[in-house]
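Summarising the annotation, TrEMBL assigns signal peptide to 1-17. What TrEMBL lists as domain 'Major facilitator superfamily (MFS) profile' is 7-451. Marked as transmembrane segment by TrEMBL: 50-73, 85-104, 142-164, 176-195, 265-291, 297-315, 327-348, 354-375, 396-417, 429-447.
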Amino acid sequence: MTKLVLISLAVMCGAFTFGIESGTIAGFQVMEPWLKDFGYYDETLGAWNIHTNIQTTIGAMILVGAVLGALASGPIGSKFGRKPGLIAIAVMAILGVIFQVVYAHLALLLLGRIMQGAAIGLASNFVPVYQSEVAPTQYRGIMISLYQLGINIGGLVGTCINQGTHAMPTRQAYRIPLYASLSFPVILLVVTFFLPESPRWLLSIDRTEDACNSLRRLRGKEYPETLIQQDINDIKSHITLERQLEASASYLNLFQGTDLRRTSIVLLVLLFQILSGITFISVYGTFFFQVSGINDVFVITVVSAACQLAGLVVLYPTLRFVGRWTILLWGAAAEVVCLFGFAIVDVAAPGSQAAAKCLVAFTLLFGFFFTWSWGPVGWIVASEVASNTLRSKTQSVGTTINWIMSLVVTIVMPYLINPTAANLGGKVGFIFGSLTFVGFVWTYFYLPETGGRSLEELDELFLNVSKIFAPPPPQCCARPNLTLLEERPSTTIQDLPTQRSHRAYCSWS
């Protein structure tokens, strides 16, 4: 167990890389040295600013790279294995930082951002997949859930470094956070050479003996050889079943019969996840605080990252005893209150210190409730709803929609909040609040409870209700208390589109 924890923590450097990038870029956009290099001096504002189109492009490049990395992860993982994928994460992240610090030029900045995005796209696939494939079943959920935790911790670290350097008058204000972010991919690069390859991947290319040796390294000398062979046979059986399922399904099946409803739920739950406005907060949060007239924006950004981490931590025990439907419904309701709250205050008392304080409070609460609900639980529902036959295809389409919507929000937001554009400020809360309210209504009327139900029970549910907007049967809308029974294989807090894990099964009491 100790060896597996160390392996998982080492691989988590990929998640830290993801998180620290998100935590630093938001702060760069209000650092004067960074604005001097990539922005302009606004005579009207009497301060340094950045052109909206450049701000949009810089924000979008990370997502363009992430999409490219996610698309490349499939062929790389299938042909070359999981270890080369982890190495690719480290190399792309290191090159991304080097391009951004070697010379202050917009073209190099954009190229570096694309490379960092590619590292993020690769990490979103390879890190949880590797963790899930090397972990024993009883520890899989715990180890995989560290991925999301790593992202949030990395984000908090990034904002803390920004807080410590933002007052520097030179380029070191933004270069030091970039230098610091190099530590995680460097550690990942070095450690990966000593990691065993995934036994599952080795078996998928018929390297049985290598798979046995890899499993022996992972399990330790005291692990009985009979159990090694049993694990190998189980993995072989699972690979055979997956190949049969993949051969019998196509993407067209996603939009036919009862699978159409499943697909619609996956797409909508991941769509409403982004339309809540979390991309706006994570990418442009610090800039938004500054244009809203808030002081100590870097301190507020650190507190915001801490609140998001707290929301995730609180979710762990909550998820074991409360249904997904309940968490998503209350999460959406809380987000609506927060979004409309700071929008109304901005209209009622624009530019006042009271309005600024309320905006900060509502934004912090929003971050907490998002990571407590729609952030991770959206992925859980998406993984549970998909049918066995079409699971990988359904989640692939859902992930693509999620990335595309993130890109759209990233492109649009500067035009809404930049003082030289629409300059909506806190009024953007009306936009995201309205969209989240639609998600609340959809959740209440159309989303079935997936927690505590076996895959067979979910299959029966969707066979009985096939229309996209038909409400689930009454027995599937009941919201009784959950009583923890036992551990069985299924989904957990970090069921990303490419992974399987372990969660607590529950029954209605």
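Every residue, even glycine, has its Cβ placed from backbone N, Cα and C.
Heads up, TrEMBL stuff is auto-annotated, nobody curated it.
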So which residues does the transmembrane segment (176-195) touch in its own chain, when a touch means Cβ under 8 Å and the partner is 6 or more beyond its ends?
7, 10-11, 13-14, 16-17, 20-21, 24, 27-28, 83, 86-87, 89-91, 93-94, 97, 100-101, 119, 154, 157-158, 161-162, 165, 168
Looking only at the recorded stretches 50-73, 297-315, 354-375, 396-417, 429-447, which one has the largest tally of CB-CB distances under 8 Å to the transmembrane segment (265-291)?
396-417
Give residue numbers and ranges for long-range contacts of the transmembrane segment (354-375): same chain, 6 or more residues beyond its ends, CB-CB under 8 A.
148, 152, 272-273, 276-278, 281, 285, 289, 292-295, 300, 303-305, 307-312, 314-315, 318, 327-328, 330-332, 334-335, 338-339, 341-342, 345-346, 348, 426, 429, 439
The transmembrane segment (50-73) versus listed stretches 85-104, 297-315, 396-417, 429-447: most Cβ pairs under 8 Å:
396-417
Per-residue pLDDT averaged over the domain 'Major facilitator superfamily (MFS) profile' (7-451), given as an integer:
87
Residues sitting near the transmembrane segment (85-104): Cβ under 8 Å, six or more positions beyond its termini, same chain?
11, 13-14, 17, 37-38, 69, 73, 76-77, 111-119, 122-123, 125-127, 130, 171, 175, 178-179, 181-182, 184-186, 188-189, 192, 195
